[in-house]
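Asker: Copied straight from Swiss-Prot:
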- 75, 232, 236: Zn(2+) binding site (BINDING)
- 259: active site, proton donor (ACT_SITE)
């Protein structure tokens, strides 16, 4: 099984969730072993997608350094993971990725337009060898060894609309596109004014966010799935784990997880060299792992 990149360059435009300004995005092919690289064209600054470059996880996953930052990368990273793409350059002319419709389906469409091609180098994956867990009170995220990677996610909100939701996701591109990619980000009406006073969520609207009041959803079209909230948290988690630089071959379990806990988990994994193995998918080893790339 070979590493993948794009066949051709594709461009798009969307609104930034936090600043509310139009953002141009370009996805470009990269050579083997380059990884996922973000580039701020307005700053002439590159940022490798990796846990060590994460500087903030409060409202989104943010890469950066003293030159600047790029926010809200997780939806795009999630789609890149689902398509099995190992090497890609993401060019942005602003400090955040566009939110599109609040899900990752627009990025999936961009990847479909770009096409995917093999490179002359074996694909590598990260195989989890022992359990790694991060907790914050009763909240936790965990990776454990497995032969068939799944995400088991539970959320619980003190809100009549959301309540407690659980979803079990089995890895495959087809399953992702059908059941995860269209799940949108969500927020609470009571938080909107506070966020905007901090110059956040200025681009948020019913076009790109599920807005929840105490006992109703404000979006006139309603939900895309009855459990869209937990499905979106899975979308986010996939994007956050992609910062490890490889498709992770392990079970991920979360109760009330977050970008912050996901970031701490990636750091804990990399800290313990016995917790994982980087496996090169040569012909002799790929059969046990190829199902997740279907």
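Glycine too: its Cβ is placed from the backbone N, Cα and C atoms.
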Asker: Long-range same-chain neighbours of residue 232 (Zn(2+) binding site), Cβ under 8 Å, sequence gap at least 6?
Answerer: 103, 183, 184, 185, 186
Asker: If I take the alpha carbons of residue 75 (Zn(2+) binding site) and the residue listed as 'active site, proton donor', what is the distance between them in whole Å?
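Answerer: Counting only the Cα atoms, the answer is 12 Å.
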Asker: With a 10 Å radius around each C-beta, find which of these recorded positions (75, 259) has the fewest other C-beta atoms nearby.
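Answerer: Selected from the recorded positions 75, 259 on minimum Cβ neighbours within 10 Å: 259.
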Asker: Residue 236 (Zn(2+) binding site) has how many other Cβ neighbours within 10 Å of its own Cβ?
Answerer: 23
Asker: With a radius of 8 angstroms around the mean position of the C-beta atoms of 75, 232, 236, what other residues of the same chain does the Zn(2+) site pick up?
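Answerer: In sequence order, the nearby non-listed residues are 74, 78, 103, 104, 183, 185, 233, 234, 235, 239.
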Asker: Just the number: how many Å between the Cα atoms of residue 236 (Zn(2+) binding site) and the residue listed as 'active site, proton donor'?
Answerer: 8
